[in-house]
Amino acid sequence: MTQAVTSQVVILDYGSQYTQLITRRVREVEVYSILLPGDATFKRVFEENKPTAIILSGGPNSVHVKGAPSVPDGFWEECEKRQIPVLGICYGMQLIVHCLGGKVEGLGKGEFGRMPVVDIPTHTKLFGEDIEPQNVWMSHGDEATVLPDGFKCIGKSEQGCVVAIEHETKNLFGLQYHPEVTHSEKGMRTLKHFLFNIAKCERSWSMANVLEEQIQIVKEKVGETNHVICALSGGVDSCVAATLVHRAIGDRLHCCFVDNGLLRYKEAERVMVMFKNELHLPVDCVDITEKMLSELKGVSDPERKRKIIGKEFIECFKEYKKTVEKKTGVVPKFLVQGTLYPDVIESCPPPGSDQKHSHTIKSHHNVGGLPKELGFELIEPLRVLFKDEVRRLGKIMDVPRNFVARHPFPGPGLAVRILGDVTENNALETLRLVDEIYINAIKEFGLYDEIWQAFAVHLPIKSVGVQGDQRSHSHVVGLRAITSNDGMTADWYPFEPKFLQEVSNRITNQVRAVNRVVYDITSKPPSTIEWE
Ligand SMILES: Nc1ncnc2c1ncn2[C@@H]1O[C@H](COP(=O)(O)OP(=O)(O)OP(=O)(O)O)[C@@H](O)[C@H]1O
Ligand SMILES: O=c1[nH]c(=O)c2[nH+]cn([C@@H]3O[C@H](COP(=O)(O)O)[C@@H](O)[C@H]3O)c2[nH]1
Ligand SMILES: NC(=O)CC[C@H](N)C(=O)O
Ligand SMILES: [Mg+2]
């Protein structure tokens, strides 16, 4: 840290998928923030740290269920005594209501995804001038049905749920929606208003030296003589991670690109050419297609697939160790991965970690899918960052645009886009062709940079069609295209009908195995970006 930190926001984590995003939003406006587990002790919250403001995160639990996580004893009194403003978000708001004498209930309905907030009064402390209805992102099943004394409702959803509250005199605020996700239109304005106008935080933290800090950490961890393997995929994250580590330790970095048999059309050849011509880092390609597909044969369960893939990746890197040893005479001890925060939170880290209240959404191959015995120490310089932050880091280091601007592609590849057994029905071949046609059309129509991620999905069902006056009984493919900033929330991309018409025509004409194309119009939440 280059400057003295004068303000500090403590964020208590109740297991929301978005907690780190709150931290990041606070960082974005140059205020230092620290994330503590929801059950942090009184001492940790108030004595080891000196909060200027406190934010209570969302979380999967219900406050009224026995054993649900809460704030430490004496919390509310201390906040009042020290005049620390508190903002509760989603579960955090429900916690305020529940702890201070109101009522939270699960009424069997729920609000997920985009929803307008209406009925914002003219004079509120939390919204300031933002009194017009605003679209926000919700993800809750419980709702506040009785507010504690002294609180008033300052916003409702269209369904009539109380979605924003504040105390008449104390600086206590609650939002049922997620202001921290970019799809909440004025969320960032509300957070800034809370931080700067209500809590009077000062800007005293800068991201400018994150890069230097990380390079220093890698140097210290690796030391003067150790060698390091990097799992390099051709995606943004691992390219940025590799470039950063290369700056720290130079030629003691050895990159390994894995052709796992689950890649897109001609991906391995294309990426290897890009590495050679543009990235200028030494990369070996290792082909494990046969082993991977034999391990995946007969497996349909998404989590099992992910675990198998995670294990095969690591097996491959262990073998690659030997290659490096032969070349350099040194056994590499470290493995660099381009793990980002969304990979970590969705995989839900092991018990005992600070994120114990989170649910597993899916086991990303590079986190939750890893086997117990790794055989490496991990180096993950991007582990607390989000994709758009990583893209910015990449730009600072002059990582070529061809890598930085690429759509993300998951390590488990087409395996999580073929629902059911990956090895059946020529699904890999079909999906490769469909995906190639789809992505080429997106590029041709000049839409690639407007879309955050786009891909096709192979469904395990057949439908009846008529092709050349003959009955066909063939596969259905789904197309997905989303907009997002960080992959934590997403909305579907509203293609013009002309584009969809053209792409559907091309697919059904050029890919014999497909007679029906559907377009996915679901946001995240409630869906995820990938289908598995
Ligand atoms: N085919 C691959 N070969 C080697 N390593 C891989 C491969 N696929 C994924 N990885 C490793 O797993 C990590 C996580 O994969 P992920 O797809 O999230 O990141 P990425 O490929 O680097 O970037 P992007 O999200 O833009 O695709 C990568 O950063 C990389 O370290
Ligand atoms: O390397 C990866 N290993 C994985 O196991 C994995 N699962 C999802 N993704 C990518 O993560 C982002 C968020 O995806 P979801 O909304 O589907 O969870 C999207 O960009 C997904 O493509 C993965 N990347
Ligand atoms: N996202 C959240 O914080 C959800 C809170 C609570 N579990 C609900 O469903 O209402
Ligand atoms: Mg990738």
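Including glycine, each Cβ sits where the backbone N, Cα and C put it.
TrEMBL entries are annotated by machine, without manual review.
Database features, via TrEMBL:
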- Ser233, Gly234, Gly235, Val236, Asp237, Ser238, Cys239: ATP binding site (BINDING)
- 205-406: domain 'GMPS ATP-PPase' (DOMAIN)
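With all protein chains in the displayed structure included, the most crowded Cβ environment within 10 Å among the binding-site residues Gly234, Gly235 is that of Gly234. Apart from the site residues Ser233, Gly234, Gly235, Val236, Asp237, Ser238, Cys239, the chain places the Cβ of Leu232, Val240, Ala241, Gly338, Phe403, Arg406 no farther than 8 Å from the centroid of the site's Cβ atoms, the recorded ATP location.
When the binding-site residues Ser233, Gly235, Cys239 are checked against ligand 4, Ser233, Gly235 have a Cβ within less than 6 Å of one of its atoms. Around Ser238 (ATP binding site), taking its Cβ as the centre, 23 other Cβ atoms fall within 10 Å, counting all chains. Sequence-distant neighbours of Val236 (ATP binding site) (same chain, 6+ apart, CB under 8 A from its CB) are Gly338, Lys387, Val390, Arg391, Gly394, Phe403, Val404, Arg406, Pro408. The number of other CB atoms found within 10 A of the CB of Cys239 (ATP binding site), across every protein chain shown, is 29. There are 26 other Cβ atoms within 10 Å of the Cβ belonging to Ser233 (ATP binding site). Asp237 (ATP binding site) falls within a helix when secondary structure is assigned with DSSP.
If you draw a 10 Å sphere around the CB of Asp237 (ATP binding site), it holds 26 other CB atoms from the protein chains shown.
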